[in-house]
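> Supplied in C-alpha coordinates, the structure appears directly below.
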Amino acid sequence: MNSSVDLCKVPAAPPPEGYSSNFDNPTSMAPALIGVISVTTLWAITFTSARLWVNFQKLGWADWFNLIALLHSIAILGIEGTQVTVARHIWDVPACFFDKSYAQGIFIPAILLQTGAFFAKASIFLLYLQLFTVKKSMRFAIYSGLTFSFFLYGVGVAVATYYETPRNGENWTDILDGRTLIPLPWWQAQSALSVALDIYIFILPLPVISRLKMPVRRRIQLVVIFSLALGGIGSSIASLVERIEIAHAYDQTWISAILSLCSAVELNVAIIVGSAPAFAGFARSHVLELPVVRFLLSSISLTSKGKSYDSEAPLENLEGMHGNHAAERNHRYYELSDVGMYKRESNTA
(Lines of atoms letter the chains of each structure in order from A and count residues from 1; the text may use other names and numbers.)
(Lines give C-alpha, C1' and ligand atoms only; values in the text may rest on other atoms or scores of the structure.)
Protein backbone atom coordinates (compact mmCIF):
# COMPACT_ATOMS: atom_id res chain seq x y z
CA MET A 1 0.00 0.00 0.00
CA ASN A 2 1.20 3.53 -0.78
CA SER A 3 3.04 4.96 2.24
CA SER A 4 1.17 8.25 1.81
CA VAL A 5 -2.12 6.58 2.71
CA ASP A 6 -3.27 7.31 6.25
CA LEU A 7 -3.87 3.83 7.65
CA CYS A 8 -5.90 5.29 10.49
CA LYS A 9 -8.57 6.16 7.91
CA VAL A 10 -8.57 2.73 6.27
CA PRO A 11 -10.53 -0.19 7.75
CA ALA A 12 -8.59 -3.37 8.51
CA ALA A 13 -11.04 -5.20 6.23
CA PRO A 14 -13.82 -4.07 3.90
CA PRO A 15 -17.28 -4.08 5.51
CA PRO A 16 -19.70 -6.78 4.32
CA GLU A 17 -22.59 -5.83 2.09
CA GLY A 18 -25.09 -3.67 3.93
CA TYR A 19 -22.56 -2.46 6.50
CA SER A 20 -20.24 0.52 6.65
CA SER A 21 -17.12 1.23 8.65
CA ASN A 22 -17.58 3.27 11.81
CA PHE A 23 -14.44 4.55 13.50
CA ASP A 24 -16.14 7.16 15.68
CA ASN A 25 -18.77 5.23 17.64
CA PRO A 26 -18.46 1.57 16.68
CA THR A 27 -20.18 -1.41 18.23
CA SER A 28 -17.63 -2.74 20.69
CA MET A 29 -17.06 -5.88 22.71
CA ALA A 30 -14.93 -3.86 25.15
CA PRO A 31 -17.55 -3.30 27.90
CA ALA A 32 -18.48 -6.99 28.04
CA LEU A 33 -14.85 -8.09 27.72
CA ILE A 34 -13.50 -5.91 30.52
CA GLY A 35 -16.63 -6.19 32.64
CA VAL A 36 -16.84 -9.98 32.70
CA ILE A 37 -13.09 -10.49 33.10
CA SER A 38 -12.99 -7.89 35.89
CA VAL A 39 -15.85 -9.49 37.80
CA THR A 40 -14.45 -13.02 37.55
CA THR A 41 -10.97 -11.76 38.44
CA LEU A 42 -12.42 -10.00 41.49
CA TRP A 43 -14.04 -13.25 42.57
CA ALA A 44 -10.77 -15.08 42.00
CA ILE A 45 -8.99 -12.50 44.18
CA THR A 46 -11.64 -12.89 46.88
CA PHE A 47 -11.47 -16.69 46.94
CA THR A 48 -7.67 -16.77 46.84
CA SER A 49 -7.41 -14.16 49.59
CA ALA A 50 -9.63 -16.31 51.81
CA ARG A 51 -7.44 -19.30 51.03
CA LEU A 52 -4.25 -17.46 51.92
CA TRP A 53 -5.83 -16.09 55.11
CA VAL A 54 -6.83 -19.56 56.27
CA ASN A 55 -3.46 -21.09 55.41
CA PHE A 56 -1.20 -18.13 56.13
CA GLN A 57 0.94 -19.96 58.67
CA LYS A 58 1.19 -23.15 56.62
CA LEU A 59 1.18 -22.34 52.93
CA GLY A 60 1.77 -25.32 50.66
CA TRP A 61 2.44 -25.90 46.98
CA ALA A 62 -1.27 -25.86 46.16
CA ASP A 63 -1.61 -22.41 47.72
CA TRP A 64 1.44 -20.99 45.95
CA PHE A 65 0.33 -22.40 42.59
CA ASN A 66 -3.09 -20.85 43.07
CA LEU A 67 -1.53 -17.49 43.89
CA ILE A 68 0.73 -17.65 40.83
CA ALA A 69 -2.31 -18.39 38.65
CA LEU A 70 -4.10 -15.38 40.17
CA LEU A 71 -1.16 -13.10 39.36
CA HIS A 72 -1.35 -14.36 35.76
CA SER A 73 -5.06 -13.51 35.69
CA ILE A 74 -4.49 -9.99 37.00
CA ALA A 75 -1.76 -9.43 34.40
CA ILE A 76 -4.08 -10.65 31.64
CA LEU A 77 -6.78 -8.22 32.77
CA GLY A 78 -4.27 -5.37 32.60
CA ILE A 79 -3.10 -6.33 29.12
CA GLU A 80 -6.63 -6.82 27.82
CA GLY A 81 -7.37 -3.30 29.03
CA THR A 82 -4.78 -1.99 26.56
CA GLN A 83 -6.18 -4.06 23.68
CA VAL A 84 -9.86 -3.15 23.87
CA THR A 85 -9.55 -0.72 20.97
CA VAL A 86 -9.58 -3.69 18.59
CA ALA A 87 -12.49 -5.47 20.31
CA ARG A 88 -14.75 -4.41 17.44
CA HIS A 89 -15.96 -5.76 14.14
CA ILE A 90 -12.91 -5.90 11.91
CA TRP A 91 -14.35 -3.36 9.44
CA ASP A 92 -14.62 -0.88 12.33
CA VAL A 93 -10.94 -1.22 13.24
CA PRO A 94 -8.50 1.22 11.58
CA ALA A 95 -5.62 -0.60 9.89
CA CYS A 96 -3.11 1.46 11.88
CA PHE A 97 -4.19 -0.33 15.06
CA PHE A 98 -2.39 -3.46 13.90
CA ASP A 99 1.07 -2.43 15.01
CA LYS A 100 3.89 -3.73 17.20
CA SER A 101 1.89 -3.23 20.39
CA TYR A 102 -1.01 -5.24 18.99
CA ALA A 103 1.29 -8.08 17.95
CA GLN A 104 2.84 -8.21 21.40
CA GLY A 105 -0.64 -8.00 22.89
CA ILE A 106 -1.46 -11.24 21.10
CA PHE A 107 1.63 -13.11 22.23
CA ILE A 108 1.91 -12.12 25.90
CA PRO A 109 -1.67 -13.03 26.92
CA ALA A 110 -1.35 -16.28 24.95
CA ILE A 111 1.63 -17.27 27.09
CA LEU A 112 0.02 -16.07 30.32
CA LEU A 113 -3.17 -18.01 29.59
CA GLN A 114 -1.16 -21.20 29.00
CA THR A 115 1.03 -20.94 32.09
CA GLY A 116 -1.81 -19.55 34.21
CA ALA A 117 -4.08 -22.45 33.24
CA PHE A 118 -1.37 -24.93 34.22
CA PHE A 119 -0.81 -23.38 37.65
CA ALA A 120 -4.55 -23.09 38.33
CA LYS A 121 -5.35 -26.68 37.38
CA ALA A 122 -2.20 -28.03 38.99
CA SER A 123 -3.35 -26.30 42.18
CA ILE A 124 -6.62 -28.24 42.02
CA PHE A 125 -4.79 -31.54 41.55
CA LEU A 126 -2.50 -30.71 44.47
CA LEU A 127 -5.61 -29.94 46.51
CA TYR A 128 -6.99 -33.36 45.59
CA LEU A 129 -3.67 -34.91 46.55
CA GLN A 130 -4.10 -33.49 50.05
CA LEU A 131 -7.73 -34.60 50.24
CA PHE A 132 -7.31 -38.14 48.98
CA THR A 133 -4.12 -39.43 50.54
CA VAL A 134 -4.64 -43.18 51.00
CA LYS A 135 -5.90 -44.96 47.90
CA LYS A 136 -3.11 -45.60 45.42
CA SER A 137 -5.56 -45.53 42.53
CA MET A 138 -6.63 -42.01 43.46
CA ARG A 139 -3.05 -40.83 43.81
CA PHE A 140 -2.26 -42.31 40.40
CA ALA A 141 -5.28 -40.55 38.87
CA ILE A 142 -4.21 -37.24 40.42
CA TYR A 143 -0.59 -37.51 39.28
CA SER A 144 -1.78 -38.51 35.80
CA GLY A 145 -3.93 -35.39 35.58
CA LEU A 146 -1.09 -33.24 36.86
CA THR A 147 1.33 -34.66 34.29
CA PHE A 148 -1.20 -34.29 31.48
CA SER A 149 -1.75 -30.64 32.43
CA PHE A 150 1.99 -29.95 32.37
CA PHE A 151 2.46 -31.35 28.87
CA LEU A 152 -0.79 -29.89 27.49
CA TYR A 153 0.03 -26.32 28.49
CA GLY A 154 3.80 -26.70 28.12
CA VAL A 155 3.35 -27.59 24.46
CA GLY A 156 0.93 -24.66 24.19
CA VAL A 157 3.66 -22.28 25.37
CA ALA A 158 6.09 -23.74 22.83
CA VAL A 159 3.61 -23.43 19.95
CA ALA A 160 2.68 -19.85 20.86
CA THR A 161 6.33 -18.86 21.14
CA TYR A 162 7.20 -20.39 17.78
CA TYR A 163 4.33 -18.92 15.77
CA GLU A 164 3.63 -15.63 17.53
CA THR A 165 7.12 -14.15 17.88
CA PRO A 166 9.29 -12.66 15.13
CA ARG A 167 12.03 -14.78 13.58
CA ASN A 168 15.57 -13.56 12.99
CA GLY A 169 15.49 -10.37 10.94
CA GLU A 170 11.74 -9.87 11.39
CA ASN A 171 9.75 -7.23 13.22
CA TRP A 172 6.78 -7.82 15.47
CA THR A 173 4.42 -6.59 12.76
CA ASP A 174 5.65 -9.35 10.45
CA ILE A 175 3.73 -11.95 12.46
CA LEU A 176 0.48 -10.22 11.45
CA ASP A 177 0.73 -11.61 7.92
CA GLY A 178 -1.46 -14.58 8.84
CA ARG A 179 1.23 -16.80 10.30
CA THR A 180 -0.60 -17.07 13.62
CA LEU A 181 -3.47 -18.81 11.82
CA ILE A 182 -1.19 -21.72 10.87
CA PRO A 183 -1.44 -23.54 14.22
CA LEU A 184 -5.24 -23.27 14.43
CA PRO A 185 -5.65 -27.08 14.24
CA TRP A 186 -3.37 -27.32 17.26
CA TRP A 187 -5.27 -24.64 19.19
CA GLN A 188 -8.52 -26.44 18.42
CA ALA A 189 -7.08 -29.78 19.52
CA GLN A 190 -5.69 -28.23 22.70
CA SER A 191 -9.04 -26.63 23.45
CA ALA A 192 -10.78 -30.00 23.06
CA LEU A 193 -8.22 -31.60 25.38
CA SER A 194 -8.75 -28.76 27.85
CA VAL A 195 -12.47 -29.53 27.89
CA ALA A 196 -11.65 -33.17 28.61
CA LEU A 197 -9.27 -32.11 31.39
CA ASP A 198 -11.89 -29.88 33.01
CA ILE A 199 -14.42 -32.73 32.93
CA TYR A 200 -11.80 -35.01 34.46
CA ILE A 201 -11.16 -32.50 37.26
CA PHE A 202 -14.90 -32.31 37.93
CA ILE A 203 -15.62 -36.05 38.10
CA LEU A 204 -12.43 -37.11 39.89
CA PRO A 205 -13.64 -36.43 43.47
CA LEU A 206 -17.25 -37.53 42.93
CA PRO A 207 -16.79 -41.27 43.67
CA VAL A 208 -15.06 -40.47 46.96
CA ILE A 209 -17.67 -37.89 47.94
CA SER A 210 -20.44 -40.39 47.19
CA ARG A 211 -18.91 -42.81 49.72
CA LEU A 212 -18.44 -40.28 52.52
CA LYS A 213 -20.20 -41.25 55.74
CA MET A 214 -22.23 -38.11 56.23
CA PRO A 215 -25.86 -37.05 55.77
CA VAL A 216 -27.04 -36.70 52.20
CA ARG A 217 -27.58 -32.96 52.70
CA ARG A 218 -23.94 -32.41 53.60
CA ARG A 219 -22.76 -34.65 50.80
CA ILE A 220 -24.76 -32.48 48.42
CA GLN A 221 -23.05 -29.41 49.87
CA LEU A 222 -19.68 -30.90 48.97
CA VAL A 223 -20.85 -31.67 45.45
CA VAL A 224 -22.04 -28.07 45.10
CA ILE A 225 -18.58 -26.81 46.13
CA PHE A 226 -16.84 -28.90 43.50
CA SER A 227 -19.58 -28.20 40.95
CA LEU A 228 -18.11 -24.74 40.53
CA ALA A 229 -15.89 -26.59 38.06
CA LEU A 230 -18.91 -26.74 35.74
CA GLY A 231 -18.34 -23.06 35.05
CA GLY A 232 -14.85 -23.89 33.85
CA ILE A 233 -16.20 -26.65 31.64
CA GLY A 234 -18.69 -24.24 30.10
CA SER A 235 -15.97 -21.66 29.45
CA SER A 236 -13.63 -24.21 27.89
CA ILE A 237 -16.43 -25.49 25.64
CA ALA A 238 -17.14 -21.90 24.56
CA SER A 239 -13.42 -21.44 23.82
CA LEU A 240 -13.44 -24.58 21.69
CA VAL A 241 -16.47 -23.36 19.74
CA GLU A 242 -14.86 -19.96 19.09
CA ARG A 243 -11.55 -21.54 18.01
CA ILE A 244 -13.44 -23.62 15.49
CA GLU A 245 -15.46 -20.59 14.38
CA ILE A 246 -12.42 -18.34 13.91
CA ALA A 247 -10.93 -20.74 11.35
CA HIS A 248 -13.47 -19.63 8.74
CA ALA A 249 -14.78 -16.37 10.21
CA TYR A 250 -14.39 -13.09 8.37
CA ASP A 251 -14.81 -10.98 11.49
CA GLN A 252 -11.55 -12.07 13.13
CA THR A 253 -11.29 -9.30 15.73
CA TRP A 254 -14.81 -9.85 17.06
CA ILE A 255 -14.33 -13.61 17.42
CA SER A 256 -10.91 -13.04 18.98
CA ALA A 257 -12.46 -10.79 21.64
CA ILE A 258 -15.01 -13.47 22.52
CA LEU A 259 -12.23 -16.07 22.66
CA SER A 260 -10.18 -13.86 24.97
CA LEU A 261 -13.17 -13.45 27.26
CA CYS A 262 -13.87 -17.20 27.42
CA SER A 263 -10.22 -18.07 28.04
CA ALA A 264 -9.86 -15.53 30.86
CA VAL A 265 -13.08 -16.72 32.50
CA GLU A 266 -11.90 -20.34 32.25
CA LEU A 267 -8.70 -19.39 34.08
CA ASN A 268 -10.53 -17.47 36.80
CA VAL A 269 -13.02 -20.29 37.37
CA ALA A 270 -10.15 -22.74 37.83
CA ILE A 271 -8.63 -20.39 40.43
CA ILE A 272 -11.98 -20.12 42.21
CA VAL A 273 -12.52 -23.89 42.21
CA GLY A 274 -9.11 -24.49 43.76
CA SER A 275 -9.89 -22.04 46.57
CA ALA A 276 -13.56 -22.96 47.08
CA PRO A 277 -13.04 -25.31 50.06
CA ALA A 278 -10.96 -22.70 51.89
CA PHE A 279 -13.44 -19.95 51.03
CA ALA A 280 -16.33 -22.04 52.38
CA GLY A 281 -14.46 -22.57 55.63
CA PHE A 282 -13.48 -18.90 55.81
CA ALA A 283 -17.07 -17.81 55.25
CA ARG A 284 -18.34 -20.12 57.96
CA SER A 285 -15.65 -19.16 60.44
CA HIS A 286 -15.72 -15.39 59.87
CA VAL A 287 -18.71 -14.26 57.81
CA LEU A 288 -21.39 -16.42 59.42
CA GLU A 289 -20.25 -15.33 62.87
CA LEU A 290 -20.92 -11.66 62.16
CA PRO A 291 -23.82 -10.40 64.33
CA VAL A 292 -25.80 -9.12 61.36
CA VAL A 293 -25.43 -12.43 59.53
CA ARG A 294 -26.36 -14.43 62.62
CA PHE A 295 -29.43 -12.26 63.03
CA LEU A 296 -30.48 -12.80 59.42
CA LEU A 297 -29.94 -16.53 59.70
CA SER A 298 -31.90 -16.76 62.92
CA SER A 299 -34.69 -14.74 61.37
CA ILE A 300 -35.24 -17.49 58.80
CA SER A 301 -34.91 -20.24 61.40
CA LEU A 302 -31.42 -21.30 60.49
CA THR A 303 -28.75 -22.03 63.04
CA SER A 304 -25.04 -22.07 62.81
CA LYS A 305 -23.58 -24.77 64.99
CA GLY A 306 -20.43 -26.75 65.26
CA LYS A 307 -16.79 -26.24 65.41
CA SER A 308 -14.47 -25.19 62.58
CA TYR A 309 -12.30 -27.89 61.16
CA ASP A 310 -9.82 -28.00 58.36
CA SER A 311 -11.63 -28.44 55.02
CA GLU A 312 -8.55 -29.53 53.18
CA ALA A 313 -7.68 -32.28 55.63
CA PRO A 314 -7.56 -35.64 53.81
CA LEU A 315 -10.95 -37.25 53.37
CA GLU A 316 -9.67 -40.73 54.13
CA ASN A 317 -9.71 -42.47 57.54
CA LEU A 318 -12.74 -40.88 59.19
CA GLU A 319 -12.60 -43.09 62.25
CA GLY A 320 -9.93 -42.32 64.79
CA MET A 321 -8.91 -39.00 63.31
CA HIS A 322 -9.17 -37.18 66.63
CA GLY A 323 -6.50 -39.39 68.11
CA ASN A 324 -4.24 -39.25 65.10
CA HIS A 325 -1.60 -36.54 65.57
CA ALA A 326 -0.39 -36.93 61.99
CA ALA A 327 -3.90 -36.14 60.78
CA GLU A 328 -3.98 -33.07 62.98
CA ARG A 329 -0.77 -31.84 61.39
CA ASN A 330 -2.36 -32.24 57.97
CA HIS A 331 -5.23 -29.86 58.80
CA ARG A 332 -5.24 -27.01 56.32
CA TYR A 333 -8.72 -25.52 55.95
CA TYR A 334 -11.82 -25.09 58.01
CA GLU A 335 -14.82 -27.33 57.51
CA LEU A 336 -17.32 -26.91 54.71
CA SER A 337 -20.30 -27.89 56.87
CA ASP A 338 -21.04 -29.06 60.40
CA VAL A 339 -19.33 -32.35 59.68
CA GLY A 340 -16.93 -30.92 57.13
CA MET A 341 -14.46 -32.68 54.94
CA TYR A 342 -13.32 -35.33 57.35
CA LYS A 343 -11.14 -38.28 56.54
CA ARG A 344 -13.06 -41.13 55.02
CA GLU A 345 -12.64 -44.65 56.28
CA SER A 346 -9.39 -46.04 55.03
CA ASN A 347 -9.55 -48.27 51.97
CA THR A 348 -6.58 -49.99 50.47
CA ALA A 349 -6.05 -49.81 46.75
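For all residues, glycine too, the Cβ spot is worked out from N, Cα and C.
Below, the features straight out of TrEMBL:
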type     : residues : note
TRANSMEM : 29-52    : transmembrane segment
DOMAIN   : 51-280   : domain 'Rhodopsin'
TRANSMEM : 64-86    : transmembrane segment
TRANSMEM : 106-128  : transmembrane segment
TRANSMEM : 140-163  : transmembrane segment
TRANSMEM : 186-208  : transmembrane segment
TRANSMEM : 220-241  : transmembrane segment
TRANSMEM : 253-280  : transmembrane segment
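Could you place these features in context, so I can see how deep they sit and what lies close by?
Same-chain residues lying 6 or more positions outside the transmembrane segment (64-86) and placing a CB less than 8 Å from one of its CB atoms are 28-30, 33-34, 37-38, 41, 44-45, 48, 51-52, 93, 97-98, 101-102, 105, 108-109, 112-113, 115-117, 119-120, 122-123, 126, 253, 256-257, 260, 264, 267-268, 270-271, 274-275.
Through the fold, the transmembrane segment (106-128) approaches residues 60-63, 65-66, 68-69, 72-73, 75-76, 79-80, 83, 138, 142-143, 145-146, 149-150, 152-154, 156-157, 160-161, 164-165, 175, 180, 194, 197, 201, 204-205, 260, 263-264, 266-267, 270-271, 273-274, 277, 312 of its own chain, all at least 6 residues removed from its boundaries and within a Cβ separation under 8 Å.
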> Using a Cβ cut-off of under 8 Å, list the residues of the same chain at least 6 residues beyond the transmembrane segment (253-280) that approach it.
12, 29-30, 32-33, 36-37, 40-41, 43-44, 46-48, 50-51, 54-55, 62, 65-66, 69-70, 72-73, 76-77, 80, 86-90, 93, 109, 113, 116-117, 120-121, 123-124, 127, 194, 198, 201, 225-226, 228-229, 231-232, 235-236, 238-239, 242-243, 245-246, 311-312, 332-334, 336, 341
> Under an 8 Å Cβ to Cβ limit, what residues of the same chain, 6 or more beyond the ends of the transmembrane segment (140-163), are close to it?
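Sequence-remote neighbours of the transmembrane segment (140-163) are 107, 110-111, 114-115, 117-118, 121-122, 125-126, 128-129, 132, 175, 179-180, 182-183, 186-187, 190, 193-194, 197, 200-201, 204.
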